[in-house]
Amino acid sequence: MSNWLGKKRNTLESRPAGGLERSSTPTPGHPGADPANTSADGNSLGGRSGLLSIKVVDAQNLALAPGDRLPPAIERALQNQPAASSAASQPSTAGKGGQRQSVQRRPCWWLPYLVLEFDRNEILIDAISGTVSNPVWLSTTQFDVSRPSEISLQVYLRAQEGPAYAANNGSDPDKTMTDSPGGAGAKKTGDADVMMGDADRYLGGLKFVPDFDDALTQNQLCTYKLVGPSLSANIRIQFHFHPNQGSESGSGLTIESFELLKVIGKGSFGKVMQVRKRDTGRIYALKTIRKAHIVSRSEVTHTLAERTVLARVNNPFIVPLKFSFQSLEKLYLVLAFVNGGELFHHLQREGRFSETRSRFYAAELLLALEHLHSFNVVYRDLKPENILLDYTGHIALCDFGLCKLNMTEDRTTNTFCGTPEYLAPELLGGEGYTKAVDWWTLGVLLYEMLTGLPPFYSEDVNVMYTRILQDPLRFGEEVKPDARDLLVQLLERDPRKRLGSEANGAQRIKAHPFFSKHIDWDLLMAKKVQPPFKPAVASAIDTSNFDPEFTSEPAMDSVVEDSHMLSATMQEQFVGFSYTSPGDLANGEAGRG
């Protein structure tokens, strides 16, 4: 998803640069199952695609953590609007004759909100009535299903009222932050940290892999236990899976299947737009790539490699590919839209992170890199610009344009690519490199998060290269002993001695005291560890974390004038690019769309 958030540090390649610029700115289903292995374990989804409808009704017995109390803003709201919660969803007479009753869905900002997620597609849902302990949401959401994935529900209580609510007094149903197909969503204004911010209280959550063949849960309103401060908290939900049949298959996707909303990134061979899928209303990032450009620059292999990696990986900390399709002139990648901002944006704003926060991000990235390495993929371009934060503060690794496939344990490659500040010594020396290059970049990233700058940084690139090859590591007082020891081992110039270089090397890194004293890897992989920071995000369509230079442009699928340059032989290179479900990969070729 080449650089769809900003242009900070240039990525180097031995081929012509083509990256997009990103702006800176009862237990249901299979609890605890690994979505990546679900089909092999017997989940009925397998290679099918379709639509998943999830209805969230209400929750009971929610409570704050022991010793915590209601935020003052919530207490004031409850005192000033005692009847608002019950009135917000009361039926009102519609029409002259008054024969029909309609429900006015007014969001109650002072009641718990819900973050609903499926395959990294996140929806923020506001309560419309109830109490702090027993909120009512009555919200139905549809998701596109292209592979097995978890359903995740996380419940929070805001710390204070946001400016959008203050302006509308929570009374305009058209301004609701509850996302629904075709709805406009809420737009954040001013300082929206209070919309969904770091001080919000966590009230409980639920994660499971749904079993779409389980007649006991399909279409049944069921009560499930929430894991959180209250031992008796539960939530009522209902889900239904509708598999695609024949003409419903996603292989028929075209650009007309999407409403183009905003430009969020732009580069020499295409752009990335925020889009809404017309049938489900889900928000995605659509990356467009001009075929003629990548053919002329010998980029076809790398572009197809990016699509292949994105389609195969299934990891909670990697931005997933939902669909890919093509026209005569362009390739299209449809990816999850992650709008909590890139890590670079937050690091620039804060200067550096605490050790706790740095460790959290490094640990989730370690799991993402470990997953890629298990597929014999080396990432090669780890940096804060390629790491996004989601609604709840977890990371999502993106931009796989420089990844290298088929990198077995004993294989090396010599392509000169990456970002200058993050280049490993063996890459600069031209001696060939292995997967261990990713552990060097993880060390550089951890150092930058802890101190604010990469370890060998210089504005003069040649001086920086010399420092990478020769200078000793230097640490300030902010880098504690365990962190120093880990950095020394990750930033070992001899890749054969570098921590993680051996087979199954990620386990050695996990066992280092910097991580092992603090991280439960099973809980982290299940996303059951609450992030130390939660970004300010108003809704699923919020683009405030993207550069206005891009978002102010009209979103359109521009006409390609040089399409006549593509011969039938050139077009043949793109056979099999389209993707709608794991079955496309299993068959070795997707639709020729």
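Here, residue 1 is simply the first one shown, and the rest follow in order.
Placement of Cβ uses the backbone N, Cα and C atoms for every residue, glycine included.
TrEMBL entries are annotated by machine, without manual review.
Feature annotations, reproduced from TrEMBL:
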BINDING   Lys291  ATP binding site
COMPBIAS  81-92  compositional bias 'Low complexity'
DOMAIN    258-515  domain 'Protein kinase'
DOMAIN    517-589  domain 'AGC-kinase C-terminal'
REGION    1-45  region 'Disordered'
REGION    79-102  region 'Disordered'
REGION    164-191  region 'Disordered'
Number of Cβ atoms other than its own within 10 Å, given for the residue listed as 'ATP binding site': 28
Confidence summary for the domain 'Protein kinase' (258-515), mean pLDDT rounded: 91
Assigned conformation of Lys291 (ATP binding site) - DSSP reduced to three states: helix
